[in-house]
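Let me begin by presenting the structure, written as structure tokens, before commenting on it.
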Amino acid sequence: GEYCGESCYLIPCFTPGCYCVSRQCVNKN
């Protein structure tokens, strides 16, 4: 659940293991 330091509005998350939640990239923690 930690923020990955990138947004994902209209673009994917680049950081491995991170996914898009509410327009920001978070990891599974």
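The backbone N, Cα and C atoms fix where each Cβ goes, and this holds for glycine too.
Here is what Swiss-Prot says about this protein:
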DISULFID  Cys4-Cys18  disulfide bond
DISULFID  Cys8-Cys20  disulfide bond
DISULFID  Cys13-Cys25  disulfide bond
DSSP says Cys8 (disulfide bond), in three-state terms, is coil
Within 10 Å, the Cβ with the most other Cβ atoms among the disulfide-bonded residues Cys4, Cys13, Cys20, Cys25 is that of Cys25
Quick note, Cys13 (disulfide bond) and Cys4 (disulfide bond): C-alpha atoms separated, nearest Å, by 9
Simplified DSSP label at Cys18 (disulfide bond) comes out strand
So Cys8 (disulfide bond), by the Cβ count within 10 Å over all chains shown, scores 18
Cβ atoms other than its own within 10 Å of the Cβ of Cys18 (disulfide bond), all chains, total 20
Cys4 (disulfide bond) sits from Cys20 (disulfide bond) (Cα to Cα, rounded, in Å) at a distance of 10
